[in-house]
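**Student:** Mind having a look at this structure? Questions to follow.
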Ligand SMILES: Nc1ncnc2c1ncn2[C@@H]1O[C@H](COP(=O)(O)OP(=O)(O)O)[C@@H](O)[C@H]1O
Ligand SMILES: O=P(O)(O)OC[C@H](O)CO
């Protein structure tokens, strides 16, 4: 029997899952790691903790399965995207904490670029917007703020990478400094159509090319793991950003098929086929994957906070464990007029306001804990609903049903609320670890054991949540939501 090992390096935890070729889960191991918030709006991870937790999870998944490394056909990586790391080429020593995708410290850098009239150029080349979310301004900040970094980068002594690149570097003992086009497409430095680093954008930002990893296809040859790490070398044959991996893991292969992954954030991706599609409404154009010699593209609506809102309820003591949010929120029929705008790290699509901050509005003396819990779930569902409307507005790209996955998709009440607020059915697959599944499948394709055409037959529905809310009620709730969002916008800039 042969297996595929997926590493899923998420924002809050590192997971490893061993799958059969058909996508059955054999063993799972997961380790959470620390989130650091050194200043308001900043979010950092310790690069060593990312690596060590991921390595532990990989070993532990094999141990739990009782499977030796020689039975693993290939390893695939899916990772939190955009998070920016720099390390020494000679020693692999990291030179600064990882600046996480949620980090807002480069809001003013983005503004300065916008004032220079550069947004149109960046959008046309990369499909993205000038927002602190993406890697380029984080890297620029590092080059400006870390003493000596720019000079060393120009001399070729420093490596930049997103988390996939950092894991590849460590898995191969520094032999491979590479990324795939989906991760590269989130940096603001990658040309969406030529699938190469954009020399003009690099020049405009003053980013030395010597920093950048080599770009290989998502099912490319990424070397093999050092023999000592997992007991024997394992070929690394798949790399995808986690949201793109989930799109693949949901077998959303054709144009018009989409999914939403509810992890730390929520990311709605719609496959648009072999050509990039540019849409209004704050949607991003991005790579879906580069597999079997062909690129596929997607439209993305990025919502920065989903499960993180539930995590926050836990941290402030409203819940013991995340899953308790469901029973608490079920104690009430609705949120009692409370709106929870989870803009803890600004707003992504469709608003793109790095200065927005979280808000809870409509509190009365009758508000109880259950209302807050329900309002938090609704806040995430409204946020995704707004993104779905934006997609529906982009000619002919309305969703007929939404495939859901990620940590929050285990919550039945949340998916009922989401179906109600979207007005379309929400489908949950049997394997909700679709991010890991997509990474495993990409590696299976890379190893020649699977083809894209095999995947739809391997996807299985587990549950279906149908919309039951009357249209008028939905519209009234959205009116309230829009008023609440207006109040949260620009908060960190005022005052
Ligand atoms: N039953 C649940 N209901 C709501 N949220 C949940 C539930 N279980 C987990 N979560 C949330 O899901 C998130 C974890 O999901 P995961 O997909 O592992 O995220 P990531 O990959 O971003 O680390 C956490 O923020 C957690 O609060
Ligand atoms: O950690 P997740 O699963 O919320 O995903 C993070 C995204 O990749 C950020 O773009």
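The count begins at 1 with the first shown residue.
Note that Cβ sites are derived from N, Cα and C of the backbone, with glycine treated the same way.
Keep in mind that what you see is a predicted model, and the values were worked out from it rather than measured.
TrEMBL feature annotations, pasted as is:
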type	residues	note
BINDING	11, 12, 13, 264, 307, 407	ATP binding site
BINDING	11, 15, 264, 307, 407, 411	ADP binding site
BINDING	11, 81, 82, 133, 242	sn-glycerol 3-phosphate binding site
BINDING	81, 82, 133, 242, 243	glycerol binding site
DOMAIN	3-249	domain 'Carbohydrate kinase FGGY N-terminal'
DOMAIN	259-446	domain 'Carbohydrate kinase FGGY C-terminal'
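Describe the structural context of these features.
**Tutor:** A sphere of 10 angstroms centred on the C-beta of residue 407 (ATP binding site) encloses 21 other C-beta atoms.
Annotation note: residue 407 (ATP binding site) sits in a helical segment as assigned by DSSP.
Taking Cβ-Cβ distances under 8 Å and a sequence separation of 6 or more, the neighbours of residue 81 (sn-glycerol 3-phosphate binding site) in its chain are 101, 162, 163, 182, 183, 186, 241, 242, 243.
In sequence order, 101, 133, 134, 135, 138, 162, 186, 187 are the residues near residue 82 (sn-glycerol 3-phosphate binding site), counting only same-chain partners six or more apart with C-beta under 8 A. DSSP assigns residue 82 (sn-glycerol 3-phosphate binding site) to coil in the three-state reduction, outside any helix or strand.
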**Student:** Expressed to the nearest Å, what is the distance separating residue 11 (ATP binding site) and residue 411 (ADP binding site) at their Cα atoms?
**Tutor:** 19
**Student:** Could you state the whole-number distance in Å separating the C-alpha atoms of residue 264 (ATP binding site) and residue 411 (ADP binding site)?
**Tutor:** 14
**Student:** Hey, of the binding-site residues listed (11, 13, 264), which one tops the CB count within 10 A?
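**Tutor:** Buried the deepest by this measure is 264.
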**Student:** Over the span of the domain 'Carbohydrate kinase FGGY C-terminal' (259-446), how high is the average pLDDT in this prediction?
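**Tutor:** Taking every residue in the domain 'Carbohydrate kinase FGGY C-terminal' (259-446) and averaging pLDDT yields 94.
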**Student:** Running a distance check here. Ligand 1 versus the binding-site residues 13, 15, 81: which have CB less than 6 Å from one of its atoms?
**Tutor:** 13
**Student:** Given the recorded glycerol site (81, 82, 133, 242, 243), which additional residues of the same chain have their Cβ within 8 Å of the Cβ centre, ordered by sequence?
**Tutor:** 80, 83, 101, 186, 241, 267, 302
**Student:** Far apart in sequence but close in space: which same-chain residues, 6 or more away, have a Cβ under 8 Å from residue 15 (ADP binding site)?
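**Tutor:** For residue 15 (ADP binding site), the qualifying residues are 7, 8, 9, 28, 29, 30, 31, 57, 433, 436.
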